[in-house]
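Features as listed in TrEMBL:
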type     : residues      : note
DISULFID : Cys74-Cys405  : disulfide bond
DISULFID : Cys271-Cys285 : disulfide bond
Amino acid sequence: MPIVLWINIVVFITISTSFGICFRDYVNYEDNLDIPAIAKYFTTKGRYEEVNPHLIKDILAVNTSILPLPSAQCQPFHLTAIIRHGTRYPTSKNAKKMQKLYELVMSSASGKESWLREIKSKWRMWYTEDMDGRLVQKGVEDHKHLAIRLSKLFPSLISEEKLRGGFIKFMTSSKHRCVNSTLSFKAGLTELWAITDKEFDHEVNDALMRFFDHCTRFVQEVDQNPTALSEVDKFRQGPEMRRVTEKIADSLRVPYNTIDDDMAEAAFYLCAYEFAIKTVNSPWCQLFDEVDAQVMEYANDLKQFWKRGYGYDINSKSSCILFHDVFSRLNRTAVENKSGQQVTEAVTVQVGHAETLLPLLTLLGFFKNNGSITSTNYATQTQRSFRTSHMLPYAANLLLVLYDCGAGELRLQALLNENPVTFPGLSDQQASMPLYEDVKENYRELLQGCDFETECQLFKSPA
C-alpha cells in the first residue's frame, strides 16, 4: 500500500443560527490572493480553516473563553469526539469526471485569458483514479493539529497520563482515509509528549462508523433508489445550473452542449481540491464567480439533505446505533463519576465520514430548516441553516463533554468544529451546557426507541 499524505483545514463563517453556533467570517478573501474568493462555498470539499479562519494564522490556536462554565466547580470528566477524516484525494469517480473536463479544455477551449493559458500551458492533470479518496498530507496534519488543540482545550482529559493509562480509546471506520486519520490523531499526541516507548491500539468498527452500509432500508430506499434524489436531478437540470454551465462554456468558448452539470461539478471540484490539498488558488477557480459558487454549493446541499439529512426519515434513523453507543457511554461514565470510581473511558475518539456525522446531527435536530430545501426554492434559501460548507469540512467534529459541577449536578456541552452549539429543544439560559438529565429528557423518545434493527428492516408492502 502506497504511503499517503494528509491535510487538515477549517474555515469560520460568522452566521448566527438558531442552534447557537457562530461562524466567524473575518477573512478578507480579496486581500488574500492565495485563498479562492469562492472557498467558503466548497461544501464537504472545504478546508477546516474556512470554518475557523483564526487557524489560518495559527493552526494550533485555541480560545478557552468559548467554554463558559456555569460555575467554577464544573470539571470535565468525559469527552466523546466523533470526527470526519482529514483532507483526501478525489474518489476515482470524480477523478474520471475531472479528466474528461481537462481533455475537453486541452482539445477545444480557446481564448487569451491568462488563467486559460496557464491551464493549457502549465497545468497538468495529476489526479488519478487509483488515488481513490486516500488521505493526503494535509489530512494527516488536520488530525495531528486537531489532537493538539483538543489537548489544550481539555488538558485534564487529553493528557499523557490518560493516554498511557489506557483511558483514551480510539475507534475508526475501516476505510484507509479514516484509519490513517486515526493514526495521525494518535501521532499528534505521541509527538506532543515525545512518547516513543509505547503504541496505542484502535478498534475498527464499521457497524458504528459506517452504519449506513448496514441499514438495509436506507440502502434500498435511498442509497440505491434512482428516484430518491429527484430534487437534486431537477435542480441540476434547472435554470440556475444551466446559467452556470453556459457561463463556463462561454468562458472556454466551447459549444453549450459540451458542458453539462457533471462538467461544471468537475471544474468546481478541481478548484476545491487544488486548494484543499495544495493550498493553491487554481486557475480552474476563474470559471466561477460567487453567484456560480452559491449555485454549486446548493446543488451539493440538496444532495446531502435528501441522501443523508432531513429529506427522508430513514437517513437520520440509520444512525440510531451510533446515537445509542454515544449515550450508553455517557450514562456509563456518569455512573462511574457519581459513584466516585475512576472513569474508565475519559476520552473516546471515533473517526468516520461526513456520512457518519450528518445523519447523527440530523437525528439530534441540528441545522433544521423550516421546511425542506428543494429544486424550486433556491432563491428563498440563501439564509438556510442546512449548509454543509459550515457543518462538514474535512476533519469536521462533534464533541460531547460531560462536566461534574458539584452536588451531583452533571452537565453536557456540545461543540461542532470546536465551537459551542445549543441543543435543539433546550432554550434555557444555560442551553449551551444544560443539565445532563435535561438532555436525556429532550431525547427521551429516541433513547427509549430508535432501534437500529427495527428502523432498518424492510417493510413488506401489503399484497
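Heads up, the Cβ atoms here are built off N, Cα and C, so glycines get one too.
Just so you know, TrEMBL annotations are computer predictions that nobody has curated.
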Could you round the CA separation between Cys285 (disulfide bond) and Cys405 (disulfide bond) to a whole angstrom and send it over?
50
Measuring Cα to Cα, how many angstrom lie between Cys405 (disulfide bond) and Cys271 (disulfide bond)?
48
Could you check the disulfide-bonded residues Cys285, Cys405 and say which one's CB has the most other CB atoms within 10 Å?
Cys285
Which of Cys74, Cys271, all disulfide-bonded residues, has a Cβ with the fewest other Cβ atoms inside 10 Å:
Cys74
Where Cys74 (disulfide bond) and Cys271 (disulfide bond) are concerned, what is their Cα separation in Å, rounded?
45
